[in-house]
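Undergrad: This is the structure I have questions about; it appears just below.
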Amino acid sequence: MAGPVSLRDLLMGASAWMGSESPGGSPTEGGGSAAGGPEPPWREDEICVVGIFGKTALRLNSEKFSLVNTVCDRQVFPLFRHQDPGDPGPGIRTEAGAVGEAGGAEDPGAAAGGSVRGSGAVAEGNRTEAGSQDYSLLQAYYSQESKVLYLLLTSICDNSQLLRACRALQSGEAGGGLSLPHAEAHEFWKHQEKLQCLSLLYLFSVCHILLLVHPTCSFDITYDRVFRALDGLRQKVLPLLKTAIKDCPVGKDWKLNCRPCPPRLLFLFQLNGALKVEPPRNQDPAHPDKPKKHSPKRRLQHALEDQIYRIFRKSRVLTNQSINCLFTVPANQAFVYIVPGSQEEDPVGMLLDQLRSHCTVKDPESLLVPAPLSGPRRYQVMRQHSRQQLSFHIDSSSSSSSGQLVDFTLREFLWQHVELVLSKKGFDDSVGRNPQPSHFELPTYQKWISAASKLYEVAIDGKEEDLGSPTGELTSKILSSIKVLEGFLDIDTKFSENRCQKALPMAHSAYQSNLPHNYTMTVHKNQLAQALRVYSQHARGPAFHKYAMQLHEDCYKFWSNGHQLCEERSLTDQHCVHKFHSLPKSGEKPEADRNPPVLYHNSRARSTGACNCGRKQAPRDDPFDIKAANYDFYQLLEEKCCGKLDHINFPVFEPSTPDPAPAKNESSPAPPDSDADKLKEKEPQTQGESTSLSLALSLGQSTDSLGTYPADPQAGGDNPEVHGQVEVKTEKRPNFVDRQASTVEYLPGMLHSNCPKGLLPKFSSWSLVKLGPAKSYNFHTGLDQQGFIPGTNYLMPWDIVIRTRAEDEGDLDTNSWPAPNKAIPGKRSAVVMGRGRRRDDIARAFVGFEYEDSRGRRFMCSGPDKVMKVMGSGPKESALKALNSDMPLYILSSSQGRGLKPHYAQLMRLFVVVPDAPLQIILMPQVQPGPPPCPVFYPEKQEITLPPDGLWVLRFPYAYVTERGPCFPPKENVQLMSYKVLRGVLKAVTQ
């Protein structure tokens, strides 16, 4: 054979001239078919098969194929990558009887010649799924002179293939285009080790001698578990391999043991400058001490042999009977060879010295070599003129004048074992009292090709998907047996699993610590985060994510199995205390014994509240729905207290069908500010005109009208005409659109500025009640109702000036000249202001903003954040300040509890005493129960004209709910003025 070839190409070419089916059944990548090749002349030669595997260093020329160059004393493999620019790589060519001649073998990492399984058209296997790409390459070279067939394995342990795998991981090819996380990346590398073990199993099944190459001078202990894994895998798949070669023309013992003999394993270590022998410091260089019998390299060799043998005996990789072992080592021969390192560590300097030596050839030498050399002769001349040795370049033996035993060369080391094979003596490596002879067979080239092809089909090149064929079935069974390797190879995962399994109970304890019997999702997540912190402190390795997911599942199962608290929150932001339950249906009774139980929500929180008019108080449960909060509680008290009082009812939904449907949760957004400004510019308001919306507009008949909330702050201020001190009744502007409320769909919540158009709720959350005539309120004693803190039950006076004109001033125009003997009206009124005005020019109303806390304590406020406190016979402060300001919806209660948590009181009622006078008091409540973008809530009838001579009570909603959920009361450290009743709640209009 003139050059190295891919083992797959070699077996394909041999199968062609043997008349059997090709392993892959496809032409070679080199471009020609193997079927046309003649029979090689060495087909009947008895051959010795030597397999080479191991790791390579990062240094130049440390690849394993340099070893074959040294042993064969010729340039079989190229010294450097891409030596010839037009080299197509190893392929099969029929020239001078060669089965596979290569013009120059390419680097093992390249894809030419069937280099990588699953990466090219011709591959060493067909496992091409994402993450299972095999980076192992088997190359073959037959030396006809020495009758030795070299099989060279380049795998993930070599730099070129390792670099390809790392690039695949980095680019995402191994993960289907995505970057793999730690656990999947670890699984990728372990899978590559398993595929490498299949290639090693093949070498251990077809070779007589195996060379393990290592780039350092210390033994890698990980080979111990690799060999134990291979031994276990071989015992597992041995029946399958027997089936594969049962028809091959080999001996009975070969068919029985699936190998020509127990292979002998030899070790090659590289020094790489690590071993340096220097004379002692005090020794005279002229009179050195007597040298020892063995050189330092020989002593290192013996030490490594003893260490390796002891390790393999302890782990029972080597036993007394060699026939039962994966491999053997000789008892009376050297099986470790130390390859000396180069004196020149700098690869660039080494190349420059090589170039310089070739450029300075002497004349006598040029006569000996008259023409340019190439091929093997060129390699020998390079060796003779080389000043520096390559990594595997070994000098010939020579005598030593110092008396030390001379170290043999690499070829001499290997050939003492090869000769035992070629002479058919075999290996007698069994030890002990009763050693059993091991089988041995020296096959011919043709017989070896026959057996090697069958094993190659099922172990490496077989297609697992082809289950219909015997080869595909055997391949499937062999690949399923790879799981045997996990206990040996995946030590990291095994350690990680043990570590994570020990961390799980600690994480479970951290999760269950200080837990109530039932708890919410928020508590579950907090406890799970604490458990994950404890778990991450102790868990390590690739199994971390797997057991973290198991921790998630375990904690969720514990929580959902009888410990799950109802997630529903009341309208006051309190959790339901029941465990997970369902609500009773219409007409169904609660059943606590069912699974899940049928119960109403209950937070076990109770408060005290007053009825619509405020005269009667009663305890109330914490509400969970808007109807119970704003309607049901007050309806129960209505029967006992307020039922006989006069009411102003707000419009509600009146169905026209027996089964009305709630409206969908689609909010009508408020218009932008620019549109609202344009609307104001187009329709200027006259003095005293109402800024509130009529009932038709409040039902959503105009989108622009909904954008006016909150009211324009410029409309307020200190102008008394705006807030009702004196206003002249003018003609109202007409509605934009006349539209009736829907009688098919109802509003499921409360009416607010973002509600859909034309919808009404089924019940009103507001109430307007008349307690009695205006004289029923005593200015000196205040309101006589339950729950008021002493001194806070008074209403504030509101003096409204009624403009009355005398008969002689009726036709007077302020813009015209005054008549003779008539005074200017402005001046006359200024003169008469002090004493001449009549008593009916001023009407006195009374206003009170009542706040109520959860304990039923009530008090009035005379302004924002100012609790009323009357010490004498009535309040002296006017109601103008409160009417001209945004009143807070919540305020700190005047009587705080003992706890640190602040106690809030809520604005619940507005008391208005309307005098019997020629004026109208219009009620326009607007509440914003939260910071923006919280909408503005208002009653179903926005402008309510209060009849004269009455004491009226407007009861505000207890809770505010939108389609997105309830507007909860404020928490600690929250600006209370973000929760407010907008200014302009009352307006007086003179008649």
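The backbone N, Cα and C atoms fix where each Cβ goes, glycine too.
As the structure is a computational prediction, the values presented were derived from the model and not from experiment.
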Undergrad: Of Ser115, Ser878, Ser894, which does Swiss-Prot mark as phosphoserine?
TA: Ser115
Undergrad: Among Ser136, Ser143, Ser742, Ser829, which is annotated phosphoserine in Swiss-Prot?
TA: Ser742
Undergrad: Here are some residues: Arg839, Arg898. Which is flagged as omega-N-methylarginine in Swiss-Prot?
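TA: When Swiss-Prot is consulted, omega-N-methylarginine appears for Arg898.
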Undergrad: If you check Swiss-Prot, which of Ser22, Ser668 turns up marked as phosphoserine?
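TA: Record lookup, Swiss-Prot, feature phosphoserine, residue Ser668.
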Undergrad: Report, in whole Å, the straight Cα-to-Cα distance of Ser895 (phosphoserine) from Ser742 (phosphoserine).
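TA: Cα of Ser742 (phosphoserine) to Cα of Ser895 (phosphoserine) measures 46 Å after rounding.
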Undergrad: Please name the residue among the modified residues Ser742, Ser895 whose C-beta has the most neighbouring C-beta atoms within 10 angstroms.
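TA: In terms of Cβ crowding, the pick is Ser742.
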